[in-house]
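Written below as structure tokens is the structure these notes are about.
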Amino acid sequence: MPKRTDIHKIMVIGSGPIIIGQAAEFDYSGTQACLALKELDYEVVLVNSNPATIMTDKEIADQVYLEPITLEFVSQILRKEHPDAILPTLGGQQGLNMAMELSKSGILDELHIELLGTKLSAIDQAEDREQFKALMEELGEPVPASGIARTVDEALAFAKQAGYPVIVRPAFTMGGTGGGIAETPQQLHDITENGLALSPVTQVLIEQSIAGYKEIEFEVMRDAADNAMVVCNMENFDPVGIHTGDSIVYAPVQTLADREVQLLRDAALKIIRALKIEGGCNVQLALDPNSFNYYIIEVNPRVSRSSALASKATGYPIAKMAAKIAVGLHLDEIKNPVTGTTYAEFEPALDYVVCKIPRWPFDKFTHADRRLGTQMKATGEVMAIGRNIEEATLKAVRSLEIGVHHVEEPALRSVDDDVLSDKLIHAQDDRLFYLTEAIRRGYPIDELAELTKINVFFLDKLLHIIEIEQALRTHTDDIETLTVAKRNGFADQTVADYWHETIDQVRDFRLAHKLAPVYKMVDTCAGEFASETPYYYGTYEFENESIVTKRPSVLVLGSGPIRIGQGVEFDYATVHSVKAIQKAGYEAIIMNSNPETVSTDFSVSDKLYFEPLTIEDVLNVIELEKPVGVIVQFGGQTAINLAKPLADHGIKILGTSVADVNRAEDRDEFDKVIKALAIPQPAGDTASDEATALAIADKLGYPVLVRPSYVLGGRAMEIVKKRTDLDYYMHNAVKVSHDHPVLVDSYLVGKECEVDAICDGQTVLIPGIMEHIERAGVHSGDSMAVYPPQSLSAAVQAQIVDYTEKLAIALNCVGMMNIQFVIHDDQVYVIEVNPRASRTVPFLSKVTNIPMAQVATRAILDQSLAEQGYQTGLVTPGPLVHVKAPVFSFSKLNRVDSLLGPEMKSTGEVMGSDVTMAKALYKAFEAAKLHVPSHGNVLLTVRDEDKPETVALAKRFHALGYQLLATRGTATALTTHGLPVTTVDKIDSGERDLLHRMEAGEIQVVINTVSDEEQAENDGTLIRNTSIMHGIPLFTALDTVAAILQVRESQSFVTQAL
């Protein structure tokens, strides 16, 4: 059936900000879908609140609304645009839940708007735990014994009858939010209470635990004619009980017999047909390792994280196909864009193994609970392709960028056997390293399989890796052993460690023996049909399938896995850089390892190498492609860290030179630059040992800001207020610095702002100055930013522009740079300069309408700003006010303190734009799900130095009609100023204490700042964690409180007696 002609305008709902469980994969799927619909001549209206996405670029849809994805705003857009239909299946859980809300509100019926792809009944049947169970029973598909609970008591009653352990799964949530495995009634009470609070329909499923079964996933597609097919099947290395987003995953399945595959395949196809889904769907199944018994775990009636992985693993663009099916096309009518000859109904075949490993944020959150379970904790993931399991696994491990290049963590050698066993039984993010350590110690793999429930087949592959390690130790400089190691994914660096040589010596030895990788094509059909895809992976075999063209090429290094401090913003810049390279007439080559992103969509660049971003892997690609140069500015710290090693190998780095990057990042070098320009910066010095650091701090006076050099996202950065704290910090932070010293600066309290600038070597373009709402001391990535600045004087702005221009020229900057300033006593100080694209590039590109990464790339390719048609200096801002707000994922991470400071903690961002600051702020808060009700109780518990400021804020809350509650010290300060306050008891003081009131829903807003006293700190942590668990808006910076008050005041009217 050809495409539908009765609909013309389609709304696509995006997935909003990046949070744990909902990351960049939806930017990739949403972008694909919008472009597919435009290709079919539909008018596309997009709604998304996340500015850091390619999806929200003007050319992706006909109308792009960067607005909050809430009933209020989406309804307003529907009334304005009157689309014929909505496609909600590409915006993750956010898109689905929004579709449900719109439907229940009645607006879809009122405006005669239909839902495409997945009918509401199917969303309900898949997401509502009760309906899902009923449907499976009707189909005769087995589900674990379970009960639905709407209260904690109902949950406890089921578990008492069924026996522990049980799994808790909240309805209509994503990434396992609010779920968990309970082994005791107390655990069940806590998990269920949290799960009910986080489920939009206050419903959880309590099911008998089948932890230990094999977890298998099928990505399936179906069209309106009931044609259904499997795109990809995948097997989790970790058994059921660990969320699939936190599991190592292999595609295709590795340990199933053909009969088992067919059994599960039939079940998956039967389910998509029963749900009548038109598009893509993900089915998760549990298979008993010792029989043919299986259970259906869950069904996602939409494009998911696994769909992005399946798309990249097979080369089959699921989201693009799903969008076309949603508008009526059938699988046998859609061409497969990879082969160009076959149709979409052909099931992809793989002649390689794909391995996905999650990337967790525990390097940032050292106190977090690292145990893995049914609630997802990873922020991102990497994927690697190899000809065998060993190769794919080792390539994935070195793609993670966690400071290791092999499945070996030297620190584990000293762990005793009891601890080792415990870490094997209770899985953490680093279980793979504990497994290999156990195998090195001679633990039999059968025993390990029994302990971990990981299939012995996978453990045998790890054993094989360890046997190769032993061969390398005993056969140094042996080409045969090296060949075996390389074919199984070993890095040159690993071989160098076993041979006690340098990485360059191993590389030279390898190349002298003509041992180099070839590149194979990902073609969806295992070589059965001719294919044109420019999508490759490296392996040590014989035939090279990547043909080098005569055209001059430029290699762009991507940013690797998404983690805190390095998010999708850098992928955004990478994709724009590629567009500019292509427009300039070069062949654009991307190298990246992240399956979730737009940059690893093979249709974006002229060639895509899906490889780890290490010096060895990058040099191998350069050796083959011989590009005119490499661009490292857009790949975050990942790419910047490769600049010097590449330059040392004689590779041309395009844009700002490595020496100039070093002048900006090395403290002593930068001091020389800034002194020569007479630009003020906070007093400070560098220390490479503890004694020096303490001496510097004594000289400067406390508080001081301490940080290692060369980091991104403020890793290990802290404001230290006294000598004992600095002593403690130096023992913990110096480890981070790898031959780089620690910087100790005087900490200036003041307003912070930042600038992104583009320089062509001669002239400087400054698209905008962003003012931070939170004062200095809160990491720029966690601050709300406003453009254009609302409270900076013209003189201060002129000074910022002057310093930016001088620094860009002095540092010979070519391309992007980002500078952070603090304004202290009306004087502008430079805090830091980063000679690369920063995380604010997408936001500033959107609000100024300047495609900054493209302009910078053209400058890097020798086109001056004047030739590009840009005036220099500060660009005049438009009429609107734009606010960028951070979004956090604290509800997914136990034991992570939500207190904001110089170390970055947010996972994503949203944006609000309007004619006034108050309106823009309101939209940003709504988009970030920080909804402050218009009345209720505000709890204030603040440190002594914040009390004067808190009194002023409390007066404003009181004037708006809020009731004030405060802990003893804060209450005294407020009553002294004549404010009516209810004093609440601190924690552990019985029924009416603070936490009980929060749990009972008596508190609507929590304002908490922290003193240095440890006990207060512990109380504060409990208060903050409880407010996150119960979804109470929490503010730990008074500037944010002032911003929210500005919003509330703008929406209220004065009521006064005569």
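Cβ coordinates are placed from backbone N, Cα and C, and glycine is handled just like the others.
So that you can see what the record holds, here are the features copied from Swiss-Prot:
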{"type": "REGION", "residues": "1-401", "note": "region 'Carboxyphosphate synthetic domain'"}
{"type": "BINDING", "residues": "Arg129, Arg169, Gly175, Gly176, Gln208, Ile210, Glu215, Gly241, Ile242, His243, Gln284, Glu298", "note": "ATP 1 binding site"}
{"type": "DOMAIN", "residues": "133-327", "note": "domain 'ATP-grasp 1'"}
{"type": "BINDING", "residues": "Gln284, Glu298", "note": "Mn(2+) 1 binding site"}
{"type": "BINDING", "residues": "Gln284, Glu298", "note": "Mg(2+) 1 binding site"}
{"type": "BINDING", "residues": "Glu298, Asn300", "note": "Mg(2+) 2 binding site"}
{"type": "BINDING", "residues": "Glu298, Asn300", "note": "Mn(2+) 2 binding site"}
{"type": "REGION", "residues": "402-546", "note": "region 'Oligomerization domain'"}
{"type": "REGION", "residues": "547-929", "note": "region 'Carbamoyl phosphate synthetic domain'"}
{"type": "DOMAIN", "residues": "671-861", "note": "domain 'ATP-grasp 2'"}
{"type": "BINDING", "residues": "Arg707, Ser746, Leu748, Glu752, Gly777, Val778, His779, Ser780, Gln820, Glu832", "note": "ATP 2 binding site"}
{"type": "BINDING", "residues": "Gln820, Glu832", "note": "Mg(2+) 3 binding site"}
{"type": "BINDING", "residues": "Gln820, Glu832", "note": "Mn(2+) 3 binding site"}
{"type": "BINDING", "residues": "Glu832, Asn834", "note": "Mg(2+) 4 binding site"}
{"type": "BINDING", "residues": "Glu832, Asn834", "note": "Mn(2+) 4 binding site"}
{"type": "DOMAIN", "residues": "930-1058", "note": "domain 'MGS-like'"}
{"type": "REGION", "residues": "930-1058", "note": "region 'Allosteric domain'"}
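Within 10 Å of Asn300 (Mg(2+) 2 binding site), judged by CA to CA distance, lie the following binding-site residues from the set Ile242, Gln284, Leu748, Glu832: Gln284. Around Ile242 (ATP 1 binding site), the same-chain residues six or more apart in sequence whose CB sits under 8 Å from its CB are Glu215, Asn236, Leu372, Gly373, Thr374, Ala427, listed in sequence order. On its own chain, Gly777 (ATP 2 binding site) has Leu705, Ile719, Tyr747, Val749, Gly901, Pro902 as residues at least 6 apart in sequence with a Cβ closer than 8 Å to its own Cβ. Note: the CA-CA distance between Gln820 (ATP 2 binding site) and Glu832 (Mg(2+) 3 binding site) rounds to 5 Å. Separating the Cα atoms of Gln284 (ATP 1 binding site) and Glu298 (Mn(2+) 1 binding site) is a whole-number distance of 5 Å. Cα of Gly175 (ATP 1 binding site) to Cα of Glu298 (Mn(2+) 1 binding site): a span of 12 Å. Within the set of binding-site residues Arg129, Gln208, Glu298, Arg707, the entry lying nearest in space to Asn834 (Mg(2+) 4 binding site) is Arg707 (CA atoms). Here the candidates are the binding-site residues Gln208, Glu298, Glu832, and by Cα distance the one nearest His779 (ATP 2 binding site) turns out to be Glu832. Relative to Glu298 (Mn(2+) 1 binding site), the binding-site residues with Cα atoms inside 10 Å are Arg129, the candidates having been Arg129, Gln208, Arg707, Leu748, Glu832. Per-class residue totals from DSSP over the region 'Oligomerization domain' (402-546), listed helix then strand then coil: 78 helix, 11 strand, 56 coil.
For the domain 'ATP-grasp 2' (671-861), the model gives a mean pLDDT of 90. Of all residue pairs in the ATP 1-binding list (Arg129, Arg169, Gly175, Gly176, Gln208, Ile210, Glu215, Gly241, Ile242, His243, Gln284, Glu298), the one with the greatest Cα separation is 20 Å apart. Across the range of the domain 'MGS-like' (930-1058), the DSSP-based residue counts are 60 helix, 18 strand, 51 coil. Annotated pair Leu748 (ATP 2 binding site) and Glu832 (Mg(2+) 3 binding site), C-alpha to C-alpha distance, rounded: 13 Å.
Cβ-based neighbour count (10 Å, all protein chains) for Arg707 (ATP 2 binding site) stands at 22.
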